Every structure is written in C-alpha cells, then in structure tokens.
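Annotation comment: TrEMBL describes His20, Arg81 as site 'Transition state stabilizer'. Annotated ATP binding site per TrEMBL: His48, Leu49, Gly50, Asn51, Gly52, Asp122, Leu123, Arg124, Gly171, Ile172, Gly173, Glu174, Asn175, in sequence order. Here TrEMBL flags Glu226 as Mg(2+) binding site.
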Amino acid sequence: MGQTTLSYYKKHAIRRYGFHGTSHKYLAETAAAMLGRPVGQLNAITCHLGNGSSVTAVEGGRSVDTSMGLTPLEGLVMGTRAGDIDPAIPLHLMRTLGATAADMDAILNKKSGLLGLCGDNDLRAVIERRAKGDPEACLAMDVFVYRVRKYIGAYTLSLGGHVDAMVFSAGIGENSALIRSLICAGLERVGVRIDQDANAEMCGGRQGVISTPDSRVKVLVIPTDEELSIAQQTLEVVSTEASAAA
Ligand code: AMP
C-alpha cells in the first residue's frame, strides 16, 4: 500500500464531506432571522433529526463541524444506520464471520440504528412500544437520545460554550415533543431550559421557540425547507454569473 493518510486525502478524496448541508444552512439562517440578528453573528447547534440524522455546529453563521462524514454513516444513531462505532468492528466481523465489504455496507447502513437495536426504524413505532415498556424499544430510544446529547455536548465546547440557539428539525425534530424533551432534559446548567407547554404545541409543521424566556440558549423548532434553500442558492449563483457576464 505504502500510502500516507495525506495521500488518501489527496489522491482518493477521503475527507469529511458532511451531509444535510442545505438543511443546516436553512436552519441557521431562519434561526438568525427568528432571533433578529445577522446570520454572521449566530452560534448555533442545528439538529436535523429524521430517518437520516445529523447535527452541525454553526459559528458566526458558518458550519465548523458536522456529525456525518465521508458518507452519511458517521455520527448519530439513525433509522437504519449505525452512526459512530469502533472502526475495528467491521474488520472483526469480516474476519470472524467471513462478511464481505458489501455485507458490511448493508449491515451498517440498512440493518443497524433503531432497526438493529429494536426491529423498528420508524421512531413513532419505537415510541409506542417504549410506552408499553418494551425493553428493546426503551434501549433504542435511550441510545438515540444519548448520542444526540453527546454531540450537543461536544459542539457546545467546540463553540466555546457560546451557543445562541439550538434548533430541532426534520421528521423527528419537528414532530416529537417527547424526543426534544428527553434531549434537553437536565441541560439547565448549560443554559437550556424548555417550556414544556410550548414544546408540546410545536409539532406538525409549526415553527417557534420552545425555551423559556430566561433560557440562555434559545431552543427553536424550524420545519426545514431544503427545496427553498436550493432555489435561493441557485438564484444567487445565476445572478452572480449574470452580473459577471454583463
Ligand atoms: P424524515 O426523514 O425527515 O422524513 O423523518 C422521518 C422520520 O420522522 C420517520 O422515520 C419517523 O421516525 C419520524 N417521525 C415523523 N413523525 C413523528 C412523530 N410524530 N413522532 C416521532 N417521530 C416521528
């Protein structure tokens, strides 16, 4: 092989690309507008929680870290994706089970996450089973919530403890007051205080603030709009090119 890590980066384009960028951009811009400040003056942690999930740290309006990597597999526990695991695990399974690279791809991307933990990838089903005390569903939700909290903790420090807003979006983030409440539970010491009534109401496509007025970090629910963001960015490119050609 004889290659350095840098040569993998240069020759094979191995790097952390991140995903959901259009959504995180839209969320940061909308959060800034809701807080009445320019996006360039916003520090935020944006949580896009759907069947695919990612968290981004936004500093001065720019993404400085994000949980997905070269592929969407890295980071949070998702509907069917494992998210972060010890990179030695696939090697171990390949050696001991004779699993191929294609097998590992399918296991990690399509058979892991909530599905792998409890047999359901739709969080609504997991929540229903958890309410009846199903231990596998309880475990799956605990792991899902714990991983989101871990990233929020890491990104809070990445931002030097200066977080203006925490944003919830996508299928789970926009609709599940329970998940939002579990993610924010006990975070008062880091400036996050949820208004449980506002949280319960902010579902089904509603946009608004779910933190209390004295919460140092404003917690927002914002239905993402990737189509609008793509259209806005396309317009920007087209206008720039048109004025350069004029
Ligand atoms: P998305 O990929 O953004 O379309 O999100 C899809 C996921 O959102 C589904 O797999 C569900 O797990 C989740 N979801 C949608 N509505 C709810 C809800 N009311 N409570 C919990 N999860 C929900």
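Placed from the backbone N, Cα and C atoms, the Cβ positions cover glycine too.
The 6 Å Cβ screen around ligand 1 retains Leu123 from the recorded positions His20, Leu123, Gly173, Glu226, ordered by sequence position. In terms of local Cβ density within 10 Å, His48 ranks first among the recorded positions His20, His48, Arg81. Geometry remark: Gly173 (ATP binding site) versus Arg81 (site 'Transition state stabilizer'), CA distance 17 Å. DSSP assigns His20 (site 'Transition state stabilizer') to coil in the three-state reduction, placing it in neither a helix nor a strand. Reported as a whole number, the C-alpha separation between His48 (ATP binding site) and His20 (site 'Transition state stabilizer') equals 8 Å. Of all the binding-site residues given, namely Gly50, Gly52, Leu123, Gly171, Asn175, Glu226, those whose Cα is no farther than the 10 Å limit from the Cα of His20 (site 'Transition state stabilizer') are Gly52, Glu226. Spread of the ATP binding residues is 17 Å (greatest Cα-Cα distance among His48, Leu49, Gly50, Asn51, Gly52, Asp122, Leu123, Arg124, Gly171, Ile172, Gly173, Glu174, Asn175).
Reduced to three states, the DSSP call for Gly50 (ATP binding site) is coil. For the pair formed by Gly52 (ATP binding site) and Arg81 (site 'Transition state stabilizer'), distance between Cα atoms is given as 8 Å, rounded to the nearest Å. Across the fold, the C-alpha of Gly171 (ATP binding site) and the C-alpha of Glu226 (Mg(2+) binding site) stand 13 Å from each other. All protein chains included, Gly173 (ATP binding site) registers 24 other Cβ atoms within 10 Å of its own Cβ.
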